[in-house]
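Enquirer: Before anything else, here's the structure in question.
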Amino acid sequence: MAKKHQTLHNALFNTASWVFSIGINFVFLPYIVARLGTESYGILVLILAVIGYFAMLELNLGQAMTKYVAEYRAKGDLAQVNDIIGSTMLLYLLLGLAGGAVIFGLADVLATRFLKVPPELQETAMAAFRVGSVGFVLTMLVTAMQSIPWGLNRYDVSSRVTMAMNLLTTLSMVGLLILGYGLLEVVLVNVAVPLLGVLTYMVICRRLLPGIRLRPVFRPGPLKTILRFGLYSSLSRLSGVLRFQADRLLTGAILGLSWVTYYVVPFSLVRKLMTVTYLVGSVILPVVSGFQGKQDHKAIVALYLKASRLITTIAICVCLPLMLFGNRFLGFWMGEEFAAQAGLVVTIITAALLVDAFTNIPSIVVDGMGRPKVTGLFSICTALINLALVYPLGKALGVSGVALAFLGSNLLVGPVFVWYANNRVLGHDLLSLTRRSYLPPLSAGAAAAVLAYLLLAPLATGMLSLLAVMAATSTLFLLLACLTGAITRDELGQAAEYASPLFARFRLLSGRQP
């Protein structure tokens, strides 16, 4: 893979692993649920949920390791790279053992008191939680190990391993269920596969970086560096929990349980689609960190401007059809009555996540420059303002008011954060950022919105025609984005150059078929 294509390669693979995971679940989940039964599958989900909540102990140390592995490798300091890796692995191991011990110790309480597990399944549930506690330790180690290829700017490698682990886990579960095994054996698979993942990463990392040492070590300096970055970075994760979970609880408390559904369904739809902007944008973290290691500030600014323009373009491409036709789609998908109750939630949340997308690249660049405190504090401010607005707006305007609280918090904090990151951290002119990175995609988006509303909207008379209209809207926007410079001719050429070997391989394979 040519070095100039590595970031594009990483972005595609990072997104592909996410799409692959969704596809695997879509295909095999009905069978797994049917064979396990709703109660046993519910226990499996709860075990994985408990492990997921305990994974909050991770403190975003993986992102810290990615940043500093990239930075010290750019400096050519293998000793520091090994100290960072060893110190992070020590922290992950200690946190994993602590969390695993708590899950193991609480297994009987979780199975018999806290969760409503039927009496006939309580023994199995307790055993499954205890087995799952071992899986938690291994999952933490996998999280640590996958951050090493990220730091080496090889997201494609981690994505391949992730896809292989997801496929192996799912197929093993299906195979066990076909053979007549049950919940406990399925949980054992979710322990065995992470163990295999750890061993796989050990082999891969040694090939990617000869001289690497993959063992826990105690180094006070690197430990302090990793913990400081991780703790501030974890503020952003805490903010995410508050913004994407607490508002649901407040919606239920203010409006009633049924209104939670009218809020969560459209919110989850838009958020799932917008995940692609984070998956694509996140791959620049090791690149920025490498430039930081070389003290190449001009390269950081150039990457920041280019990435901001492209992520804004992707975000508008996703959001534009949802803003224009989201309510109509919700009506066809969930029913007209549901769409009427949900009000303007789709449109408002789409606007909110579009605003949030403008903070994506500034957040990653600021973190890559070693300033996670800035992103963490701004994230917490956004979450607190959101929570403060939910009650008055929800009471006054219902479920649309809850969505407006989310939009309002992003509008109040997002532009301030972009200004601070741009002017104070990067030392760049905000007008230059606006002119070079924001205006080209925004002007293309405005033109596409007018044309789509006037020419395409009348064609959407059913679900299939609506999907075609939404796809045509995104395509129209991309064509206009090429004209306005949101996507440059050089970038189109690089994409074509990257894709040409793939098309050549496809033609070769097609030619061999009888």
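A Cβ is built for glycine as well, from the same backbone N, Cα and C atoms used for every other residue.
TrEMBL labels come from automatic prediction, so no person has curated them.
Since we're looking at a predicted model, the values are computed, not measured.
So TrEMBL lists these for the protein:
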- 12-34: transmembrane segment (TRANSMEM)
- 40-61: transmembrane segment (TRANSMEM)
- 81-107: transmembrane segment (TRANSMEM)
- 127-152: transmembrane segment (TRANSMEM)
- 189-209: transmembrane segment (TRANSMEM)
- 249-267: transmembrane segment (TRANSMEM)
- 273-291: transmembrane segment (TRANSMEM)
- 303-326: transmembrane segment (TRANSMEM)
- 374-393: transmembrane segment (TRANSMEM)
- 399-421: transmembrane segment (TRANSMEM)
- 442-460: transmembrane segment (TRANSMEM)
- 466-487: transmembrane segment (TRANSMEM)
Enquirer: Between the transmembrane segment (374-393) and the transmembrane segment (249-267), are there at least three Cβ pairs closer than 8 Å, leaving out pairs fewer than 6 positions apart?
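Expert: Judged by the Cβ rule, the two regions touch, with the required three close pairs present.
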Enquirer: Counting only pairs at least 6 apart in sequence, do the transmembrane segment (127-152) and the transmembrane segment (466-487) share 3+ Cβ pairs under 8 Å?
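Expert: No, the transmembrane segment (127-152) does not contact the transmembrane segment (466-487).
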Enquirer: Three or more CB pairs closer than 8 Å, sequence separation of 6 or more: does that hold for the transmembrane segment (249-267) against the transmembrane segment (399-421)?
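Expert: Yes, the transmembrane segment (249-267) contacts the transmembrane segment (399-421).
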Enquirer: Given a Cβ distance threshold of under 8 angstroms, which distant residues of the chain, six or more beyond its ends, lie next to the transmembrane segment (273-291)?
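Expert: Distal contacts: 7, 10-11, 14-15, 18, 63, 66-71, 73-74, 150-153, 155, 297, 299-300, 303-304, 307, 310-311, 314-315, 318-319, 322, 353, 357, 360-361, 364-365, 367-369.
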